[in-house]
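Visitor: Let me give you the structure first, and then I'll get to my questions.
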């Protein structure tokens with residue numbers, strides 16, 4: 001008799017068993033020593049939840065909006081590459097699971113299903129992730145296809161002027177440019193020029209992904225982005241950068257509520273989502289667990305991952321005295337910085 005899966009983390013082992021080693025290593029690995037990869041999850045463990053108990057939590061409402069679009073919970077599917085390496089149905093299966101969960105999917109530029117295939121597969125709310133290309137006609141064509149096919153926003157990933165050193169991929173010789181990352185097409189973000197140009201060719205809102213400092217948050221505001229995603233690219237670019245959760249609050253303060261701040265990096269539990277929301281994120285993006293669910297059990301696995309996170313978030317809200325997402329506040333968590341300051 002198969003052992004019942006009781007949390008999202010357990011899908012990782014199922015994925016390891018299901019995938020060729022090269023593909024599992026690609027999905028699971030981080031840059032160089034993988035310090036930041038570990039820290040992305042471990043940093044959550046150093047944040048304590050401060051529950052309130054004298055609150056009526058007989059009804060819990062996790063629903064929220066992202067850029068005005070309704071979603072059942074503040075959980076989005078992050079842009080991750082090449083889903084068909086995990087499952088033959090690829091991003092189509094992921095999109096269908098997102099639709100079933102009434103959540104938002106961000107389709108990666110490195111999708112193994114086309115923009116059109118994913119759009120026609122279901123009615124999920126979809127955003128499209130883009131890199132800055134040396135050839136603007138490539139960017140323009142992708143943006144136009146996304147817009148024509150009903151994608152609701154453009155996520156510009158800004159932290160990849162070069163590819164991070166992922167040593168497992170080097171050992172596995174996972175470097176075929178047809179399969180992998182056409183890095184020669186990518187250029188460093190030039191904030192005013194690239195974002196301004198994108199704004200000139202599309203009416204879709206533009207969010208910038210990869211912000212880890214208050215300085216970059218302020219620059220993003222100056223160039224007029226519609227949202228910010230605090231992310232270290234799943235710890236796959238520069239090692240020894242901070243865990244995303246450890247810098248979320250300073251970016252939120254820099255933005256001063258003018259645009260939504262989303263969060264990406266290390267989410268494995270509903271309590272992780274609760275902590276990110278407490279520190280100012282409007283929603284979180286989930287990457288690797290979705291891939292693991294897809295590899296293990298296809299569309300059902302993705303749906304199960306999202307549903308598990310939703311169930312855990314609902315319980316975290318109930319036990320913390322938060323009947324709705326808007327009731328989750330900074331007072332509900334205690335960080336390392338809080339503890340240091342209390343000793344001064």
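Quick reminder: no glycine exception, Cβ is built from N, Cα and C everywhere.
Note: TrEMBL annotation is automatic and uncurated.
According to TrEMBL, the record shows the following:
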- 233: active site, proton acceptor (ACT_SITE)
- 26, 131, 166, 233: glyoxylate binding site (BINDING)
- 79-81, 108, 129, 157, 209, 231, 236, 264-268, 287-288: FMN binding site (BINDING)
- 1-338: domain 'FMN hydroxy acid dehydrogenase' (DOMAIN)
Visitor: Roughly how many angstrom lie between the C-alpha atoms of residue 26 (glyoxylate binding site) and residue 236 (FMN binding site)?
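Guide: Distance (Cα to Cα, whole Å): 10 Å.
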Visitor: Report, as a single number, how many Cβ atoms besides its own are within 10 Å of the Cβ of residue 265 (FMN binding site).
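Guide: Residue 265 (FMN binding site) is surrounded by 33 other Cβ atoms within 10 Å.
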Visitor: How many Å lie between the Cα of residue 236 (FMN binding site) and the Cα of residue 166 (glyoxylate binding site)?
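Guide: Here the two Cα atoms lie 7 Å apart.
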Visitor: What is the Cβ neighbour count of residue 233 (active site, proton acceptor) at a 10 Å cut-off, with all protein chains included?
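Guide: Residue 233 (active site, proton acceptor) is surrounded by 23 other Cβ atoms within 10 Å.
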Visitor: What does the structure give for the C-alpha distance between residue 233 (active site, proton acceptor) and residue 166 (glyoxylate binding site)? Integer Å is fine.
Guide: 12
Visitor: How big is the glyoxylate site in terms of the longest C-alpha to C-alpha distance among 26, 131, 166, 233, in angstrom?
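Guide: Across 26, 131, 166, 233, the two farthest Cα atoms sit 20 Å apart.
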Visitor: Given residue 267 (FMN binding site) and residue 166 (glyoxylate binding site), what distance in Å do their CA atoms have, once rounded to a whole number?
Guide: 21
Visitor: To the nearest whole angstrom, what is the C-alpha distance linking residue 81 (FMN binding site) and residue 131 (glyoxylate binding site)?
Guide: 13
Visitor: Judged by the number of other CB atoms within 10 angstroms, which among 81, 267 is the least packed of the binding-site residues?
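Guide: If we count Cβ atoms within 10 Å for the binding-site residues 81, 267, the smallest count is at 81.
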Visitor: Please report the distance from the Cα of residue 79 (FMN binding site) to the Cα of residue 131 (glyoxylate binding site), rounded to the nearest angstrom.
Guide: 12
Visitor: Restricting attention to the domain 'FMN hydroxy acid dehydrogenase' (1-338), give the mean pLDDT.
Guide: 94
